[in-house]
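Have a look at the structure below, then the notes.
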Amino acid sequence: MLDVNFFDELRIGLATAEDIRQWSYGEVKKPETINYRTLKPEKDGLFCEKIFGPTRDWECYCGKYKRVRFKGIICERCGVEVTRAKVRRERMGHIELAAPVTHIWYFKGVPSRLGYLLDLAPKDLEKIIYFAAYVITSVDEEMRHNELSTLEAEMAVERKAVEDQRDGELEARAQKLEADLAELEAEGAKADARRKVRDGGEREMRQIRDRAQRELDRLEDIWSTFTKLAPKQLIVDENLYRELVDRYGEYFTGAMGAESIQKLIENFDIDAEAESLRDVIRNGKGQKKLRALKRLKVVAAFQQSGNSPMGMVLDAVPVIPPELRPMVQLDGGRFATSDLNDLYRRVINRNNRLKRLIDLGAPEIIVNNEKRMLQESVDALFDNGRRGRPVTGPGNRPLKSLSDLLKGKQGRFRQNLLGKRVDYSGRSVIVVGPQLKLHQCGLPKLMALELFKPFVMKRLVDLNHAQNIKSAKRMVERQRPQVWDVLEEVIAEHPVLLNRAPTLHRLGIQAFEPMLVEGKAIQLHPLVCEAFNADFDGDQMAVHLPLSAEAQAEARILMLSSNNILSPASGRPLAMPRLDMVTGLYYLTTEVPEDTGEYQPASGDHPETGVYSSPAEAIMAADRGVLSVRAKIKVRLTQLRPPVEIEAELFGHSGWQPGDAWMAETTLGRVMFNELLPLGYPFVNKQMHKKVQAAIINDLAERYPMIVVAQTVDKLKDAGFYWATRSGVTVSMADVLVPPRKKEILDHYEERADKVEKQFQRGALNHDERNEALVEIWKEATDEVGQALREHYPDDNPIITIVDSGATGNFTQTRTLAGMKGLVTNPKGEFIPRPVKSSFREGLTVLEYFINTHGARKGLADTALRTADSGYLTRRLVDVSQDVIVREHDCQTERGIVVELAERAPDGTLIRDPYIETSAYARTLGTDAVDEAGNVIVERGQDLGDPEIDALLAAGITQVKVRSVLTCATSTGVCATCYGRSMATGKLVDIGEAVGIVAAQSIGEPGTQLTMRTFHQGGVGEDITGGLPRVQELFEARVPRGKAPIADVTGRVRLEDGERFYKITIVPDDGGEEVVYDKISKRQRLRVFKHEDGSERVLSDGDHVEVGQQLMEGSADPHEVLRVQGPREVQIHLVREVQEVYRAQGVSIHDKHIEVIVRQMLRRVTIIDSGSTEFLPGSLIDRAEFEAENRRVVAEGGEPAAGRPVLMGITKASLATDSWLSAASFQETTRVLTDAAINCRSDKLNGLKENVIIGKLIPAGTGINRYRNIAVQPTEEARAAAYTIPSYEDQYYSPDFGAATGAAVPLDDYGYSDYR
């Protein structure tokens, strides 16, 4: 076998019959498989040992040789080579066909490659191949030309003979008729009888004339066919063909079936054909030129690749190794076999029958029928069901052919090459492990023992607990006590990977240090649930074990959960307190007026109370029960930094140093909360809503090392759980309070609704108006009930606390629970005008329950569809972007894109751009950012983090030019500087990072949250697609529904208002031709936009528009934008439109991810004029390749090619990739492979999928070439330094928990006394 690490590219081509015979180890002659009595393979059959190798290691068929010492000997009795049975997986056989057959892929594919090559229509081709028509393969033009006059004379003689015979017969008949009539007259017969005789005579004469005419026509037909006879001409009429052969057989040859195709290909001159086609393309027009272009693609493919087109007609069929189409005995003595064996059997049977018929000299018609059946059986073997009805097995199931083995999700590519099962893995249910630290997970003992079995066995032998591996294995299986101690030792410092399906983004697999736990469930740290999207209602997770030292290092450094706190999509922390933890911290930091021990100022003879000299004193008071953690107090602090605004006031320029004292007016709970934050973090004196907590963790992630952030969130988690327990937040029926005012509110609105009903019955309102009015009324009612509910609930109500703290839920849910449900929609998405007046607390009536189910059912159906759709979108995105890898540090380009940081309000203040987080943040500055005075605020090449953006805004800079992947000049992949900061690490992206896949995951992962439905925008407006369908529409570059026209030029608008349509004319500023858009439906309303005077209003007559501006509501067609404004604008347009959909759902994704995908959509140019290059006009070429070729041609003094940028949808772009392996594993497998084989494509193995398929390390991350061959030689200093780096454990807050022993800790033993 060849080793994957020793080749750099993989080529695919057409196999000729020669190749097939070369691969083969022998010919399969019989259709037999195995002998059912002895169960041994039949000789010369489909499982023959002589051809494919022995079924038992080192043992021949007849048993003469039975040991490894006879290796390589070929037995003289049975002819079997003595070798390993494994060769039955790789040795191929072949079937010699008695008649050639065409390969169905090349004849039946769309477009038909054979048809294009030979210039035959697929219908005609089918007639020839399946013996329905003859085709002329060659004509001896010269001989025909020389003897034409002689032949013509012969033909004239023959025609004369026919005419003479006709005339003679007519003459005789006429005389007989005269005689008959005369006889009748003599007898005095009636006129009636005479007329009958005359009619009969004339009828007979007419028949004579017709018969002669038919004969003459036939001769004329034969002659004209013969004179015009040309190769590749079809003759469907068998009699005509027979006549031609009889008369003029020596002047031409004709045939039917694949043999004729073979002959045509043999006589085909590829170079001459290519030249003539190129000529047609240069001078032709219209359809002719198009057809020539398409044909040239196929012809040029054969010309350039040096493939022989003979490979499309087969004389031999390869037989794949028997182990790949096995036959196994089932327990009932029956056999189960692969469908391929049935298909091969049919081929062999028909082939053998055909050979016999030919030997017998059977009539041509019988032989042809057998050849047709042979052709059909080979077609079924290659691609069953492609032509005609598929061949079915027992139970009417179509048999799986060779093509079906490659195709689809269950095919070879996606099932076995891109997805494999791995050993050293296990799965189990997950439960929460609140005592774990962020980088730990609890692994059940039994599971760990099984996973680490080989390690434990080796260690047992090392420690002399066992003499050899076999006894060690027995010890492990019997679970002797020593085994557990050894397991503890082996497991220490050995990270494991946890994965939860579906793995939508890279945080779906993270590394943890295992802690052994009792029980059979994996324990998961609560803070990583967000990244895995896990909950504990029965979810399962898989555990994988990294084995090699490199794998462990990567797991520990790159994948450890405490190093993956930030989301790769937005760069914001994912490991945040949620649910209970939020409630706990919210409770802890609430300030309750007049709570126990509150600060009282001095009054009269009372001194001030509630003042404490240190947090410790306050905690002691709280323990004594004289102070509540939520009461306002004054406390002297020395270890907490004052808030920024007070710090300057108290400590001047030198700032606060640890130990400096200051007085804080706050609550004990808030002091305790601040003690969880890193030393030197400014005091936060706020109630901890979830948003505030998020902002703090965000800030920590920007300013502190990851390790500190990890420790802080862990402390917050522990405190959160501790105080959530103490807060007593629970939900009971008693907490769901129905507002007492509800009845009177509803009665009031019922009256209003009745009035509307009456108006409707009187005819004052039509049906739609009534519905609209009722919907308005009940919406108001619902809001008012909600208001009443708010006022009625006390602040300490648990339900309101849960909602207010941001832990979960929202006010609408509370209103549904206790107020009223309100209006619900029907399946069409319209409001049902009867509201649901009950709340869930009171219970719904039967009718209310029923109308409520509509919406619920639609919701469930939507979710299911959305999940599938979103998964498919992710798959296409991954496919289009999988080879975008960071290839170099800096491509040195000067280009970039301009992003807005803020806009100036009329009063001169700056309003920060709301989308700064996803546009400017984490980018590299392209040019120096200079303020009005000319000072450089931030230099070119700086990374824009939050501090830099704040500095730019403070200096009054409103927009900056940043580097972007859209303008990156790296030919394959992107450069680190254009990409900017990696969102997941907060540092500049590393070389080798697979940014394409990260981008695809970041866009695809929130896809499930996007709404499915296409929503209506107000009234009758055209449907505007939203949600997931809109994202797909953009990425597939489809023409949108409700397409809006855009201005082709900058100029003034003339708006003409018809009764159903608008007509818009733009008069260009530069005095060019006017641009007219007419027949624009009124349903698509005019666009509202900002005018030059700064006001926002609808487009109207006389307005001034910029080029590319949208004139109507709806969505612009990206292809139009490309045509009018060019590639840069369409890229920005697509990024903006995709972002609008995600922002509407509150999902934050950085622009750079969308840019990576959009860049891939515009990678190609279509050639308009090929100049002196080799490109074919109309072909799609990679932009980098196009520019390189043009530079080369110009350097040699030739004409460069002209091309036009083209926008491709992601599916099309991934199928147009240079890598045939990647395209074939994506979609349309057979079409891609057919094309690749004809073009003799070579795969350079640059992307990820290709390398996964052939089993190489992927060229990304640590698998990239520059990291692959590194030998490490540490210096003395490095050795010394290596041991001083603090590990996560060292500076973890150990005093509270004591040192981690690594032992399994039963949950009950955990004291929660000290919450930190």
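Using N, Cα and C of the backbone, Cβ positions are placed for all residues, glycine too.
What Swiss-Prot annotates here:
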type	residues	note
BINDING	C60, C62, C75, C78	Zn(2+) 1 binding site
BINDING	D535, D537, D539	Mg(2+) binding site
BINDING	C891, C968, C975, C978	Zn(2+) 2 binding site
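Structural mapping of features recorded in Swiss-Prot.
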| residue | record | contacts (Cβ under 8 Å, 6+ apart) |
| --- | --- | --- |
| C60 | Zn(2+) 1 binding site | E49, P54, K66, C75, R77, C78, V80, E81, V82 |
| C62 | Zn(2+) 1 binding site | C75, R77, C78, V80 |
| D537 | Mg(2+) binding site | none |
| D539 | Mg(2+) binding site | V429, I430, R500 |
| C891 | Zn(2+) 2 binding site | C968, A969, T970, V974, C975, T977, C978 |
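Within 10 Å of the C-beta of C968 (Zn(2+) 2 binding site) we count 26 further C-beta atoms, all protein chains included. Least packed by the Cβ count within 10 Å, out of the binding-site residues C75, C78, D535, C975, is D535.
Within 8 A of the CB centroid of the Zn(2+) 1 site residues C60, C62, C75, C78, the other residues of that chain are Y61, G63, K64, Y65, E76, R77, G79, V80. Packing around C978 (Zn(2+) 2 binding site) is summarised by its Cβ count: 29 other Cβ atoms lie within 10 angstroms of its Cβ, all protein chains included. C975 (Zn(2+) 2 binding site) falls within a strand segment according to DSSP.
Following the DSSP three-state reduction, the secondary structure of D539 (Mg(2+) binding site) is coil.
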